[in-house]
Amino acid sequence: MDFFDKFKIWVLLICLISQLGFGFYLPGSYPHKYVVGDALSVKVNSLTSIDTEIPYSYYSLPFCQPPEGVKDSRENLGELLMGDRIENSPYKFKMHTNETEIFVCQTKPLSSDEYKLLTNRIDEIYQVNLILDNLPAIRYTKRDSYYVRWTGFPIGAKVEEAYYVFNHLKFTVLVHKFEETNVANVMGTGDAAEVIPSVGKPGSEAPGYMVVGFEVTPCSIKHNPESLKNLKTYEKYPSKIACEDNMVNMAIKENEPIAFTYEVAFVESDIKWPSRWDAYLKMEGAKVHWFSILNSLMVITFLAGIVLVIFLRTVRRDLTHYEELDKESQAQMNEELSGWKLVVADVFRAPSNPGLLCLMVGNGVQILGMAVVTIMFAALGFMSPASRGTLVTGMLIFYMVLGILAGYVAVRMWRTIFCGDHRGWVSVSWQVACFFPGIAFSILFTLNFLLWGSHSTGAIPFSLFVILILLWFCISVPLTFVGGYFGAKAPHIEYPVRTNQIPREIPPQKYPSWLLVLGAGTLPFGTLFIELFFIMSSIWMGRVYYVFGFLFVVLILLVVVCAEVSLVLTYMHLCVEDWKWWWKSFFASGSVALYIFLYSINYLIFDLKSLSGPVSATLYLGYSFLMVLAIMLATGTVGFLSSFWFVHYLFSSVKLD
């Protein structure tokens, strides 16, 4: 098999892995069968805006409330942390029953505070997010010769100093006939067909339908006050309403009420149940995304391979040449040692702040393991967008469970640095369990005060904070101590050479070593900056991120590049007789976090330039810092462990007296 055959196999393998996010997509919920006339209820999620990034409850504005009262849906842990507040709404349909000019309600005359709040939300471009059968409402707007997809619709619009509210909604529900014989195939999860519920009436032989699309067109309509008199909820408005996209007629004013109406039309569609999320998952520039990632993948793979080959050949030739000498020549050579051989008695000297290094490495292993497992499950479709909050919930669960790995690695590294002394492993385990979670809780608690002050749904409830702390101390901390116990019982890694009592003086360097360490982060950053744009757009621009197959490939590539960059820099430092490699190997790969933070600031200035207010900017920078800290711990751990393995291997291969 020649080089080109191997190259083709690698390209095919990479393509297959990157397509995991598509080929194994699971819908995340079972199909519901509705017969004609069955009730369909629309739900509302939090109001969101890319101008402030602060979500608010739908009913914080003077909108119509359902006759039965506002009721919260059961949110999972991830939904609460993401600021989702799903509630019932007054919009109700009947399956396959078209209705027009349905009156919802007329609000009370707007007070001065309500008018000011409503106009502020319109200025901040807040979006209404409706949900039907777990599908978010989607809106199409025509731009030149093509249509642009949007999730949700704006509260209103400002035209020539006048504010208009979208008080009439034109719904289009796409339905597909329920195919009983294909239920098992549709599911693809091994579930039996009989467990899939039918929402229709028992024993009904009427044809069933599944909801496969939910579209909305908002309009601003000026209703006739006389026609609104004595109208009750869900009665028909007497005049015909013509609704076109973004049509504005209803200007809001103080001390004047607002009337809300809607219409709904059901359209049979060829879209099947497994494909109903395709409209939300179509990402603009998909081809550019694919080819950019693949190009970066190939370039970095070849670059890392070349660096690795040259590096191993250089070291291997040096070791082979030394081993071929006879004892007399080796003794003479020992007197004329140069480069990395001169630091043989200092290379394993304990670093400064060894405890901090151990707990950072332990936390890095925990975060990296969480990322790998989470992305793998997401690539296989178990954390699809249809299952809201499962991604964040899964991350928390995996992080807590992997506390056992963090404790084991940190304590064993501690014992290795101190030559097998197991004293202090309890303290190390406790510090590992509290280091990153403590920082994360401090940042989130501080940012939460800003959200509390803004009365945002993004604020974490105090009860949820208590639950998170209980999960931390009842699951993560005990598992970390269990891992620390096994780390204390495991044999420590023995150094292949002895360490002198008096440290060797490091000769003056031509260039500051830390300058090289900080510059090393550019190569790992080059492997992920394209994917980073899509991730940032998903978090801050409200787009759905779903290409976890790509992300898994990029993560593997990032780990390889971080390991090799750290190896190269460690070898370079040893060659100039700098034996203080411990922290430098950690930050050589961990410095990629610095460039990610600079990229985050660049994204804030140029892509989120409409972000308004110091509160929004503080929230953005706070969450970005937390993300960057986690990335630094994970990538730094990869670099340190690979360098430790290399140094141990290198000096165990030579015999110096």
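Using N, Cα and C of the backbone, Cβ positions are placed for all residues, glycine too.
Note that the structure is predicted; figures quoted are calculated from it, not measured.
Residues annotated as transmembrane segment in TrEMBL: 7-26 (among others).
The feature transmembrane segment is assigned by TrEMBL to 290-312 (among others).
The transmembrane segment annotation in TrEMBL covers 356-383 (among others). Long-range contacts of the transmembrane segment (356-383) within the same chain: residues 20-21, 24-26, 28, 390-391, 394-395, 398-399, 402-403, 405-407, 409-411, 413-414, 417, 428, 431-432, 435-436, 548-549, 551-552, 555, 559, 582-583, 586, 630, 633-638, 640-641, each at least 6 residues beyond the stretch ends and with a Cβ under 8 Å from a Cβ of the stretch.
Below 8 angstroms of C-beta separation, residues 28, 75-82, 84, 358-359, 361-363, 365-367, 369-370, 373-374, 377-378, 382-383, 425, 428-429, 432-433, 471-472, 475-477, 479-488, 490 of the same chain, each at least six residues beyond the ends of the transmembrane segment (389-411), sit close to that stretch. For 389-411 (among others), the entry in TrEMBL reads transmembrane segment.
The transmembrane segment feature in TrEMBL is assigned to 432-452 (among others).
Sequence annotations record features per position, and here TrEMBL assigns transmembrane segment to 464-488 (among others). Away from its own ends, the transmembrane segment (464-488) comes close to residues 77, 80-81, 396, 399-401, 403-412, 414-415, 422, 425-426, 428-430, 432-434, 437, 441, 445, 448 of its chain (Cβ-Cβ under 8 Å, at least six residues beyond either end).
Annotation source TrEMBL lists transmembrane segment at 514-540 (among others).
For 546-569 (among others), the entry in TrEMBL reads transmembrane segment.
The feature transmembrane segment is assigned by TrEMBL to 581-605 (among others). Note on the transmembrane segment (581-605): residues 347, 351-352, 357, 360-361, 513-514, 517-522, 524-525, 529, 532-533, 536, 540, 562-563, 565-566, 569-570, 573-574, 611, 617, 620-621, 624-625, 627-629, 631-633, 635-640, 642-644, 647 of its chain, located 6 or more positions outside it, place their CB under 8 angstroms from a CB of the stretch.
A Cβ distance under 8 Å defines the sequence-distant neighbours of the transmembrane segment (625-651), meaning residues of its chain 6+ beyond its ends; these are 315, 319, 340, 344, 347-348, 357, 360-361, 363-365, 367-368, 371, 436, 439-440, 443-444, 493, 495-497, 524, 558-559, 562-567, 570-571, 574, 581-582, 585-594, 596-597, 600. The transmembrane segment annotation in TrEMBL covers 625-651 (among others).
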